[in-house]
Every structure is written in structure tokens, then in C-alpha cells.
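Take a look at the structure set out below.
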Amino acid sequence: MAMTDILSAQDIEAALTSCQAADSFSYKSFFSKVGLKSKSTDQIKTIFGILDQDKSGFIEEDELQLFLQNFSSSARALTAAETKAFMAAGDTDGDGKIGVDEFQALVKA
């Protein structure tokens with residue numbers, strides 16, 4: 001399954017364009033622009049499965065750094081500061097990774 005099976009290519013492009021500059025990524029803005037906020041629980045779980053590159057059931061920091069590249073291979077990597085802020089917002093239980101329930105809560109926040 002591809003991101004474009006759930007999200008529109010135009011919305012993905014607009015969301016990626018909005019955070020091209022280093023340190024301009026905001027997960028709240030990105031989730032809204034890409035159309036993820038309006039998706040169902042099952043659709044968000046599917047997106048989580050795509051983001052979980054190693055299929056561990058969690059999104060770890062190295063996967064989070066490459067978050068934007070899941071939407072387009074030409075997208076930039078998140079900066080260290082962006083990655084840390086994104087992880088801090090999503091990792092509500094403090095285990096150093098984001099689970100599917102944490103991801104859903106982050107998307108809907």
C-alpha cells in the first residue's frame with residue numbers, strides 16, 4: 001500500500017512544500033495539510049504501518065527523522081531538533097518510541 005492510496009498526491013505535495021526549509025516542520029500543520037486529521041482510525045493505522053519501516057510496531061527516532069521521505073523520496077530529512085520535538089510530542093509513555101495509539105492521538109490532537 002502507498003501513501004497515495006489514502007492521501008491525495010496534491011495534499012502530500014502541499015504539505016511537503018510547507019516544510020521544505022530546515023526547522024520549519026510542524027507535525028500539527030503537516031497532519032492537517034496532508035489530510036491525515038480527517039482520516040479514519042483504520043486509515044491512520046495503515047499510514048502508521050507505512051511509517052514503521054522496520055515493522056517493529058513502533059516508530060523509533062531514526063524512522064522519525066526520515067518521516068517526510070515516506071511521503072516523497074525527494075523530501076528532506078527532519079533536523080535533529082525537529083525529530084526530538086516530534087518524538088517528545090508523540091512519545092507519551094516515555095519509552096523512546098511512538099506506538100500506534102500514540103501516533104493516532106498525535107494525529108488527532
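Here the Cβ of each residue, glycine as well, is placed from N, Cα and C on the backbone.
For Asp52, Asp54, Ser56, Phe58, Glu63, the entry in TrEMBL reads Ca(2+) 1 binding site.
Among the features that TrEMBL reports, Ca(2+) 2 binding site is placed at Asp91, Asp93, Asp95, Lys97, Glu102.
For the domain 'EF-hand' (39-74), the residues of the chain that approach it from at least six positions outside its boundaries are 1-3, 6-7, 12-13, 15-16, 19, 25, 80, 83, 86-87, 90, 96-100, 103-104, 107, judged by C-beta separation under 8 angstroms. Residues or ranges marked as domain 'EF-hand' in TrEMBL: 39-74 (among others).
If you look up TrEMBL, you'll see 78-109 (among others) marked as domain 'EF-hand'.
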Just to be sure I understand, if DSSP states are collapsed into helix, strand and coil, how many residues of the domain 'EF-hand' (39-74) fall in each? 20 helix, 2 strand, 14 coil
To what whole number does the mean pLDDT across the domain 'EF-hand' (39-74) round? 96
